[in-house]
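*Asks:* Among the features that TrEMBL reports, repeat 'PPR' is placed at 238-273, 274-308, 309-343, 344-378, 445-479.
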Amino acid sequence: MAPPLAAVLRPHLSRLGQTLLSRFLRLSTSHCPSDQSDFEPDPDHPIPSALDNDDGELVCFLHRLSSAASSTSSPKEALSLLLSLSPGPSPASPALLVRALWELRRDPDTAALALRYGDECSAVDGADGAGLPPPADAWHLAVWAAGKARRFDLAWAVVRRMRNRGVLTGRAMVILMERYAAANEVNKAVKTFDVMEKFKVESDQSVFYSLLRALCKSKNIEDAEELLLLRKKFFPLSAEGFNIILDGWCNVITDLAEAKRVWREMSNHCITPDGMSYTLMISCFSKVGSLFDTLRVYDEMKKRGWIPGIGVYNSLVYVLTRENCVKDAHNIFSKLTDEGLQPDVETYNSMIVPLCESCKLDEARVVMESMILKGIVPTISTYHAFLKQEGIDESLKLLQKMKEDGCGPKSDTFLMLFDKFFLLNESGNALRVWNEMRKYKISPVRSHYMTVVEGLVKHGCIPRALEYYDEMKEKGFASDTQLDKEFKTFLLNNRDHWRGAGKYNIIPQRGKHFAKRSRM
């Protein structure tokens with residue numbers, strides 16, 4: 001029997017210490033999937049990390065903003081107060097302003113105040129009252145933060161101020177379109193694109209394709225395809241445009257029937273598929289386990305003269321492993337070298353994931369060990385593949401290993417474990433994972449609470465579910481109408497069974513993980 005995964009990794013991962021440390025520093029600013037964004041700063045001028053400067057300056061500036069906002073009744077009064085205060089931490093430094101806006105990304109009102117304050121300060125400090133405006137990243141962050149909170153009034157206010165200052169960019173409008181798409185406001189996303197000319201911002205094909213990508217990313221793929229065809233007089237149909245739609249059906253929503261339809265639609269419009277088109281179709285066939293069609297399209301791709309990239313070979317590794325052709329999958333690694341390519345972490349994951357899905361954990365551990373020996377660092381996806389199959393004890397060990405390696409665990413890691421243990425009818429283990437989550441400084445959000453509450457309700461642990469539900473509401477998260485009705489009915493039907501204030505004794509609780517607890 002193979003040793004546990006954590007034991008296998010221990011002697012090898014120590015050699016990767018410096019690599020993992022730098023990876024951890026890069027990941028340390030992200031907290032959970034809801035924090036990860038489609039915001040892309042200028043790669044030549046990345047957002048300065050709080051690790052690069054003294055935190056005291058940032059904390060003091062944020063405190064100043066917070067005090068002004070809380071002691072006044074309107075943003076205009078808060079801005080006047082900030083401008084009238086004695087010299088102190090101000091957003092004179094563009095880097096400080098951008099860092100502050102990133103920290104305020106969950107508070108769009110204060111973020112808008114910070115941006116306005118920075119803009120006013122730069123105007124005052126400039127020659128003849130016409131100083132340089134804040135950097136583009138600052139404006140973009142403010143638009144994104146407001147849009148993410150669905151405060152589109154604030155987002156448009158920032159856009160209008162950018163126009164008045166002569167610094168409005170196409171990227172700001174694209175961010176606004178992305179946020180509308182994420183909120184499923186398809187018509188408003190399209191309308192934002194249509195008004196770009198009025199704002200004197202060029203709405204060229206690249207911006208149009210950005211709109212299509214945003215719609216597809218938010219699973220509004222039909223709307224994106226309809227828009228692509230409706231605007232073909234302005235933006236001629238091309239393989240690139242169809243590939244955006246194809247990517248939606250192949251990767252955002254893996255729908256093979258729709259992907260095939262779009263492929264035929266390309267032919268109907270006399271559009272010749274390019275290398276990316278073939279790559280996407282190979283990926284789609286691979287994901288659904290169609291080995292024959294994957295190899296067929298791969299052969300056709302090569303006959304058409306397109307050179308397969310690493311993504312194509314990763315798809316081949318996945319489908320071969322999934323269909324129990326592991327030896328052939330291993331041969332792909334040799335073929336990669338012959339083609340002048342090198343296996344990457346996704347190549348190894350393409351073998352590890354299906355092995356784990358088939359409960360061949362020993363073989364998956366061997367592949368992972370081989371990957372680490374070659375100096376390739378596991379990703380969070382690598383660990384997730386094992387976590388989906390391991391029992392509670394090994395899962396807890398892997399969580400610790402993930403932390404040591406700088407690969408999480410993250411918010412979605414715990415969501416996945418909650419789902420797994422509730423599906424296995426192991427409510428006690430799900431609650432053990434809940435307690436572990438706090439050890440890794442992951443603050444539960446509404447999705448965590450709802451998963452646990454619904455899981456407990458499903459397994460008849462309604463009193464315990466009610467405790468977590470009350471805690472969720474106390475933290476300011478929105479309630480659920482259906483759960484409100486269920487709990488209200490339950491309490492009315494069992495009101496005579498309460499014994500003692502603050503304790504639930506309706507259903508006998510068994511095991512240490514269902515011990516009664518006093519409500520805070």
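Backbone N, Cα and C define each Cβ position, glycine as well.
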*Asks:* Quick one: mean pLDDT on the repeat 'PPR' (274-308)?
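*Replies:* Its mean pLDDT is 96.
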*Asks:* When you scan the chain for residues with a C-beta under 8 Å from the repeat 'PPR' (274-308), skipping those not six or more beyond its ends, what do you find?
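*Replies:* Counting only partners 6 or more residues beyond its ends, the repeat 'PPR' (274-308) has Cβ contacts under 8 Å with 239-240, 242-243, 246-247, 249-251, 254, 256, 259, 263, 266, 315-316, 318-320, 322-323, 325, 339.
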*Asks:* Counting only residues 6 or more past its boundaries, what in the same chain has a CB within less than 8 Å of a CB in the repeat 'PPR' (309-343)?
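*Replies:* Answer is 275, 278-279, 282-283, 285-287, 289-291, 294-295, 298, 301, 350-351, 353-355, 357-358, 363, 374, 376.
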*Asks:* What is the three-state DSSP composition of the repeat 'PPR' (238-273), stated as helix, strand and coil residue counts?
*Replies:* 27 helix, 0 strand, 9 coil
